[in-house]
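Some features that TrEMBL has for this protein:
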DOMAIN    B:21-491  domain 'Cytochrome oxidase subunit I profile'
TRANSMEM  B:21-47  transmembrane segment
TRANSMEM  B:59-86  transmembrane segment
TRANSMEM  B:98-118  transmembrane segment
TRANSMEM  B:138-163  transmembrane segment
TRANSMEM  B:198-222  transmembrane segment
TRANSMEM  B:242-266  transmembrane segment
TRANSMEM  B:278-295  transmembrane segment
TRANSMEM  B:315-337  transmembrane segment
TRANSMEM  B:349-366  transmembrane segment
TRANSMEM  B:386-407  transmembrane segment
TRANSMEM  B:419-438  transmembrane segment
TRANSMEM  B:458-482  transmembrane segment
Amino acid sequence: MLLKIKQEWLPLAAWFILALPPMQRFLEQSMVTHMLVQIPMLIIIGWMIGKTLPAEWKAKIAPWNRWGITGMALTIVIMAYWMLPRSLDGAVSEWYFEVLKFITLPVMGIALNLSWPLLNSIARGVLMLEFWATLMRLGWLYLDLPDRLCANYLLSDQRILGQLLLLGGSAYAISWTLRIMFGTKIIKA
Amino acid sequence: MSSTAASRKIEYSDSENRNALIAVKAHLIGGLLVFLLMMLAGFAMRAAQGTWLEIAVDLFYQIMTVHGVGVVGAAGIASTGVLWYFLRQYVRLSNTIFWVNFCIFLTGVVMILGSIFLGGYGGAWTFLYPLPAISMGAWSTGAAAVFQLGLLVIGTGFLILYLDIGRAILAGYGSLAAALGLPQLFGKVPVDNTHPPTVVAGTMVLIVNFLGIAAGAVVLVMGLVNLYNPEFQPDALLMKNLIYFFGHVFINATIYASVTAVYELLPRYTGRPWKTSKVFYAAWFAIVFMVMAVYPHHLMMDFPMPQWMLVMGQILSFGSGIPVLVVTGYGALMIVYRSGIQWSTTTKLLFLSMFGWAAGVIPAILDAMVTINRVFHNTMWVPGHFHFYLLLGLLPMIIGFTYHLAGEGRQKEVKATDNVGFYAYLIGGFLTSMVFLASGASSVPRRWAVHMDEWVTFAQVGTVAAALVVLGTLLFILRALISLPRAADPS
Ligand code: HEM
Ligand SMILES: [Cu+2]
């Protein structure tokens, strides 16, 4: 019993740790950790909350989320919003942007968790591809654009982020290839 | 999953089968009509180069653009129809997705036509960066953008279709490697001669086209960003690499998709099965990599390219095409040899395709040699080699399949019109390609709207040849339009 409670509180605890000012400062001082650590963590927290949501809640949400379309639409809107350089800048300099970020990203994680399994397999494939293409396109843009996109971050930060996005995209492509070519799974899901 | 499960045919309901047949016919008729229109465009270009027809220069480049993108699109959609028709017998494919791709394709076609003829885009189907952005007033940024968006839309449709094909193959065979026959090739499981060649070919097409279109989706968006945000200037050579990777793979894959018609139909007309073997698997496995790695033969004159890539491009170009070609050509000969086959236009076309493909590869290989490319780069030699295997290799596969569906293959006698069509097409297609090659050998450049006086004779002979091709194709298409819509499934 004790263990079960612990598991459910884990995401909330993680959320609080991320929200602690020193932690928040630390992760947001560079574009790389902001985009590749803090934001994904917030989404994963949401995903875990979604997993532990009580069954009655899920049953209540389900009619509003047929085939996972509503949830996916919400996910895409939130994700697109936080990919805008303006939003990231806002989160660093304005407190209300920051609050918005700490709420919407976990919500996105929850929506993703509830909707992904309901989604048609072809739609899932299209979204995964689009996600991959986004990694590559953004990575390329960050590498080649002559200007800084975020007023709060250095150009060199942007370049490193670009390289990491390209690396991440390539790793994603390779793992996907291995799985469908030979049925090998690198991460057991 | 092993042999028994795999070679079992998939059962569909009658209404599903009827709907699928209509869909396949729509793909073929749509593709063939576009081919015919684009041949007329080709005829017009040749006549203009031969001074028999006056076309404004900007219109010439619009026609050249629509010709290039039109035939590539038609080849894509028609060959998909061929592959899908056969593949659905072995893995459960969705009619809905097949139609979805068709409709998305038509949407993209409308966008592209608009960008060319309303927007004046004439930067060739290869949309080579940074040309779309620097038209010097010939077309607007919007026109170039709509053209690339149209391609992006079409690519997305194909990706959706490939996702369905991939899902179906994974469901039926567990992994793409198994569908390609790799466990059999490497001795993990005993060789199963009844493993369908169509599944092997379909898997290869799926893999390479998926990657090709994915690269295309990235490069098209980067081009679009550049159009609207000119200060973003991606590396031009990287863009060129991706574009040619995408373009080379996509057009090549149409042949590998259509060749399933040879694997499936020659056995039906000769009563001898097409047996898969280790050699067959090895050839198709090799081609998966070769088709993707040979594209640097388009970049031989780009000296900053890493040398190893050009070396690879040259060496693999020698070998690319050959494995499958040999396996298929030899297999086809063995099946037909002394089989007492009754020659119909269907089987003649399928057999012709083997010749056209094999012979067309020779000038292609020549051009992929650095020393020769130094002279032939961007000359008419290039259109020469690809018109050869597209006109005499790819199209005969597609038209042959259409004739089969129309029931021509089982008719007792070959109709006179079909005979005229066949020989007009054969002679015209051969001449068209040979004249291109001869012009290339005389260093006539490609993609020039206006030709110098010394070159005009070539173009005029080319025009006559083009007229023959158009005549043959017209007869084929009339026949298809008349008998295809009502024909029952012959299988
Ligand atoms: C009657 C038949 C045809 C004729 C007369 C014809 C003629 C032409 C001409 C004159 C060009 C431009 C050559 C230049 O660079 O100056 C061309 C380009 C091209 N053709 Fe054809 N063609 C025919 C059929 C086809 C078919 C069936 C295909 C493909 C299945 C095809 C694919 C292409 C491609 C990909 C280009 C390159 C366009 C570019 O350079 O951007 N053609 N053709
Ligand atoms: Cu090529």
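Cβ from N, Cα, C; glycine included.
Simply put, out of B:138-163, B:242-266, B:278-295, B:349-366, B:349-366 has the most Cβ pairs sitting under 8 Å from the transmembrane segment (B:386-407).
The transmembrane segment (B:21-47) shares more Cβ pairs under 8 Å with B:458-482 than with any other stretch in the list B:242-266, B:315-337, B:349-366, B:419-438, B:458-482.
Outside the transmembrane segment (B:349-366), and at least 6 residues removed from its termini, the chain residues within Cβ reach (under 8 Å) are 255, 258-259, 261-262, 265-266, 317-318, 321-322, 325, 328-329, 332-333, 336, 372, 376, 381, 384-386, 388-397, 399-400, 403, 422, 426, 429, 433, 437. Comparison of B:242-266, B:315-337, B:419-438, B:458-482 by number of C-beta pairs under 8 angstroms to the transmembrane segment (B:278-295) places B:315-337 first. Residues 72, 75-76, 78-80, 82-83, 86-87, 125-129, 197-198, 201-202, 204-205, 208-209, 211-213, 215-216, 218-219, 274, 287, 291-292, 294-296, 298-299, 324, 328, 331-332, 335-336, 346-347, 350, 353-354, 357, 386, 389-390, 393-394, 397-398, 400-401, 404, 409 of the same chain lie 6+ residues outside the transmembrane segment (B:242-266) yet bring a C-beta within less than 8 angstroms of a C-beta in it.
The list of residues near the transmembrane segment (B:458-482) in space but at least 6 beyond its ends in sequence, with Cβ under 8 angstroms from a Cβ of it, reads 28-29, 32-33, 35-36, 39-40, 42-43, 46-47, 49-52, 380, 391, 399, 402-403, 406, 408, 415, 417-418, 420-429, 431-432, 435-436, 438-439, 442, 444, 451.
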